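As given in Swiss-Prot:
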BINDING   10-17, 57-61, 120-123  GTP 1 binding site
BINDING   184-191, 231-235, 296-299  GTP 2 binding site
DOMAIN    4-168  domain 'EngA-type G 1'
DOMAIN    178-353  domain 'EngA-type G 2'
DOMAIN    354-437  domain 'KH-like'
Amino acid sequence: MNNNIVAIVGRPNVGKSTLFNRLIQRREAIVDSVSGVTRDRNYGKSEWNGKEFSVIDTGGYVRGSDDVFEGEIRKQVELAIDEADVIIFVVDVEEGITPMDETVAKLLRKVTKPVLLAVNKVDNAMREKDAIEFYNLGLGDYYTFASISGSGTGDLLDALIDAFPEKPEPAEAAEELPRFAVVGRPNAGKSSFINALIGQDRYIVTDIAGTTRDAIDTKFDRFGFEFNLVDTAGIRRKAKVKEDLEFYSVMRSVRAIEHADVCILVIDATRGFEGQDQSIFWLAEKNRKGVVILVNKWDLVEKDTMSSRDYEEKIRKELMPFTDVPILFVSALTKQRLLKALEATVQVFENRKQRISTSKFNEYMLKVIEAYPPPAMKGKYVKIKYCMQLPTQTPQFVFFANLPQYVKEPYKRYLENKIRDNWDFAGVPIDIYIREK
């Protein structure tokens, strides 16, 4: 619940992405990773000594990072200061201290959050000696490492874990209610939707738990539904951070998404389903959260240009392969379909915690498998004789087979589709595992 967020900052080409990839690989060796996409280089989860945390590579979001203006780096660091619990500042021992390093260090010296100065490419005794120069940045002790070989990353991770702030567990009463987070790119209408939904200015309400650094649960009762609204937007918003890149909206969404049960993704009907929307949707899916998509400002769209059905179909193509998601057309301004939106969100919450008895699951799925068995591989037939839902927080299903290695992704998608055909898992990611019987 109280997952820590780590931001890796620094100028281009100092090894931020290599360090990020090394941290994420540690996690993938422990758990089954969600099928990756190219955006995995920006955000991932890691674990060290039993503590889980999320890692964001700020450099991964900068296009044309060979020629990034100093102002862009400054904005990234300011946002990391706002959003992260711990900041790793990566520098390059080969190049020594550069003017841009000094600019970043000047910003970081002003913050009270933990900052770990990580000197990269230190792989011999001479470079250990050269690294002493980085004391001049005024950030205290530093940690030397070599991101390519992995040397020194263990000490860096030990220091990282020690730097995590102590976070109180939320009150039990807050835990029992569904947690909904309203997410989306800037100016899509998130604030208008929240204010229309709760019928009051959200800054007036009383917080149940949390600090300005944490996602805050605020309890509401609307249309007969009790829920907690996970709110991070507005608490740390600063006008000086111009949110015009994918990085900003995604970074601002991370904590709310990780803290929520269901994410309400608000998109601007006048702009369509853009790259930032896709990234936030992917972030929710990767975290195995429920998702509802609200197409806001639908009242502003010329209806003769595109029908809601065409618009919805276009969005679903962008969501593939996870297309079983409720899409509603709303207007926060006129309060059109707000009740429907909340009802859909509550239903997704119920879908996410749905449990199917093993007997019923086998009765249906074994018939499905018998009608269309897995393709034979190398003259060998795959036989699945037993299946069940795992006792996990999110829907996960395991199928026991004699040759699990021969069951490929297309057949796993077929199994998922058949599960969705028979049970309502709309808005909820499903995991399918094939294990040896």
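Don't overthink the numbers, they just go from 1 along the chain as shown.
Heads up, the Cβ atoms here are built off N, Cα and C, so glycines get one too.
Overlay of Swiss-Prot annotations on the structure.
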{"residue": "G10", "record": "GTP 1 binding site", "DSSP (3 states)": "coil"}
{"residue": "K16", "record": "GTP 1 binding site", "DSSP (3 states)": "helix"}
{"residue": "T58", "record": "GTP 1 binding site", "DSSP (3 states)": "helix"}
{"residue": "V122", "record": "GTP 1 binding site", "DSSP (3 states)": "coil"}
{"residue": "G184", "record": "GTP 2 binding site", "DSSP (3 states)": "coil"}
{"residue": "K190", "record": "GTP 2 binding site", "DSSP (3 states)": "helix"}
{"residue": "W298", "record": "GTP 2 binding site", "DSSP (3 states)": "helix"}
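It is 41 Å from the Cα atom of W298 (GTP 2 binding site) to that of G10 (GTP 1 binding site).
In this structure, of the binding-site residues T58, N187, the smallest number of CB atoms within 10 A of the CB marks N187. DSSP labels the residues of the domain 'KH-like' (354-437) in these numbers: 31 helix, 20 strand, 33 coil. The binding-site residues recorded for this entry are N13, K16, T58, V122, and the Cα of T58 lies nearest to that of G184 (GTP 2 binding site). For V122 (GTP 1 binding site), the same-chain residues that are 6 or more apart in sequence and have a Cβ closer than 8 Å to its Cβ are V93, E128, D130, A131, T144, F145, A146, S151, G152. Cβ neighbour count for N13 (GTP 1 binding site): 13 (other Cβ atoms within 10 Å of its Cβ, all protein chains included). By the criterion of other Cβ atoms within 10 Å of the residue's own Cβ, the least surrounded of the binding-site residues K16, K190 is K190. It is 35 Å from the Cα atom of N13 (GTP 1 binding site) to that of K190 (GTP 2 binding site).
Cβ neighbour count for G10 (GTP 1 binding site): 27 (other Cβ atoms within 10 Å of its Cβ, all protein chains included). Nearest in space to N187 (GTP 2 binding site), taking C-alpha to C-alpha distance over the binding-site residues G10, K16, T58, is T58. Of all the binding-site residues listed here (G10, K16, T58), T58 has the Cα closest to the Cα of K190 (GTP 2 binding site). Around the Cβ of W298 (GTP 2 binding site), the number of neighbouring Cβ atoms within 10 Å comes to 20.
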